[in-house]
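Structure first, then comments.
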């Protein structure tokens with residue numbers, strides 16, 4: 001499985017509560033947020049743009065080794081993780097495809113005219129089971 005990545009905007013929200021934001025993954029830049037406050041961040045990786053924006057705002061970036069020295073017990077830190085169910089495979093899970101009110105994505109060979117469009121599959125084609 002891929003490591004989850006975290007956006008800068010989520011770090012800014014976490015800044016409101018605790019001083020050091022810890023991410024066990026990659027921090028990526030978020031163009032939706034214009035002004036970044038002074039952040040203290042600990043992460044495995046940062047994209048170049050995210051790193052430059054945090055440092056330009058007067059923030060501090062540390063590794064997990066440095067975090068262990070500054071806060072050995074983890075006081076004053078908040079552990080953030082990216083969206084766990086953002087993978088495309090989760091769209092296929094849930095109520096069976098083709099049943100009423102199901103928004104589950106079917107495993108279908110193709111999306112053409114002849115695939116899953118017949119009677120019994122759609123309400124507009126006679127009936128829907």
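Sequential numbering from 1, following the chain as shown.
Cβ coordinates come from backbone N, Cα and C, glycine included.
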TrEMBL lists region 'Disordered' for one of the ranges 56-92, 93-129; which is that range? 93-129
What is the three-state DSSP composition of the compositional bias 'Basic residues' (102-112), stated as helix, strand and coil residue counts? 0 helix, 0 strand, 11 coil
